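Below is one structure, written out as structure tokens, with a few remarks after it.
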């Protein structure tokens with residue numbers, strides 16, 4: 001793109017030429033179509049002290065034609081770059097929807113103040129969209145227990161149930177007098193939970209065919225079914241109840257249905273109350289206990305006493321909310337491992353997060369969308385401030401040339417394998433099998449056969465221009481670019497991403513701004529774009545602490 005130049009001796013004609021050139025540039029940047037957007041921007045519109053945080057407005061909007069996860073990560077320009085914190089560090093942004101304005105946290109971890117005219121004030125980000133296909137999930141799965149000692153170990157408490165067959169499920173109504181036991185749990189707001197368990201005869205319900213249960217009604221609003229199991233002989237259904245108020249009821253009426261679901265993903269326990277089901281794919285994660293992040297206590301670990309099991313058919317990914325001044329772990333969640341997320345303060349002021357405040361979303365991606373990077377032991381999650389993305393040739397990725405994460409400090413949290421879930425229900429000594437036969441065998445084969453149809457459905461409703469952008473197959477071409485997320489040890493094909501429609505605001509353009517196209521238009525680069533700094537909005541007031549008034553710059557957070 002030609003650059004506009006002027007000299008003191010030139011008259012109004014040169015100014016008119018510059019204006020017309022700016023208008024032409026605005027038109028070319030107004031509506032771009034691509035799979036991945038690379039945005040190279042110069043930080044302007046204010047200064048940023050060393051060790052401080054401000055919001056960076058990239059003045060760019062992205063849109064997609066279907067609900068997706070819209071991501072904006074700092075770019076790794078070389079396969080040898082680590083995901084350590086940089087002097088100018090951008091926190092990864094993830095938004096679920098169909099459009100987003102790119103507004104990210106910018107931390108100055110360098111030793112010097114950043115001003116508009118200073119050197120090294122250029123940052124580069126990659127924006128892309130991840131598809132959200134419909135994934136059925138069983139909230140209350142009927143696990144088959146393996147009891148020690150046989151029938152005599154069945155729970156002593158029994159309940160009489162009224163069972164009726166309907167068109168598509170078995171309706172069960174029963175009244176039980178629970179034998180409540182109090183159990184302490186520091187991860188909950190109340191610090192305790194009341195638990196009870198009982199069993200009822202399945203009667204005519206074919207326990208070898210049904211695999212799911214749905215609670216329809218309960219006489220007490222604070223009581224819910226936490227877990228369900230069947231015995232080895234297929235004669236009993238066991239229910240584990242939880243009550244989260246200080247005064248549990250003496251009698252509980254339950255109405256629920258038992259049916260055959262054969263879902264591709266199951267939850268180990270009832271998602272309620274800290275996982276809110278989303279319509280087609282995933283759950284919204286709610287904070288189980290309020291907490292405050294301060295400069296004295298900058299970290300907190302959120303624990304959800306639940307896990308998911310996919311039988312290797314899906315990857316479970318957690319995408320955190322965009323809370324200014326807070327970095328939350330994001331990335332893959334391993335199967336059958338309790339959900340633990342480290343939350344870290346990265347800003348200057350204390351931040352208070354309320355009980356049941358949304359912390360992020362959990363979504364599921366079909367097997368094969370994410371590929372483990374060669375040479376890496378497993379997929380991992382990392383804090384938002386360490387989310388990086390890169391575009392590298394497939395040959396380099398398959399050769400294992402992408403650098404591994406280098407720890408910033410020796411005090412790292414334990415790995416997920418060390419936190420393998422130990423069935424936290426102390427009320428029983430049961431061990432559950434992963435899944436019944438209908439899910440582990442019949443459903444897996446059906447999923448494999450339907451994968452081709454799901455790929456074709458992802459193009460439905462797209463404009464011809466967007467379809468052409470995403471249909472250029474590059475299989476077998478080792479020089480083709482792939483999207484690598486080194487923070488998670490994964491990479492993905494550009495063809496599997498949702499096409500983007502990008503518009504850069506006219507105010508962000510400079511006379512030297514230019515566009516570049518790679519991979520037949522699948523990758524568009526908008527370079528020399530102007531971005532502005534904004535103040536961080538005041539955090540939610542904390543009931544136990546106030547905003548820090550110290551003038552000491554904040555050091556790099558321990559991650």
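Glycine is no exception: its Cβ is also placed from the backbone N, Cα and C atoms.
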Segment assigned the feature region 'Disordered' in Swiss-Prot (from 500-529, 530-559): 530-559
94, 218 - the residue Swiss-Prot records as S-nitrosocysteine: 218
Listed as phosphothreonine by Swiss-Prot, one of 122, 223, 316, 371: 223
Proximal but sequence-remote residues of the same chain as residue 223 (phosphothreonine) (Cβ under 8 Å, at least 6 apart): 241, 242, 243, 248, 249, 252
DSSP-derived class (H/G/I helix, E/B strand, else coil) of residue 223 (phosphothreonine): strand
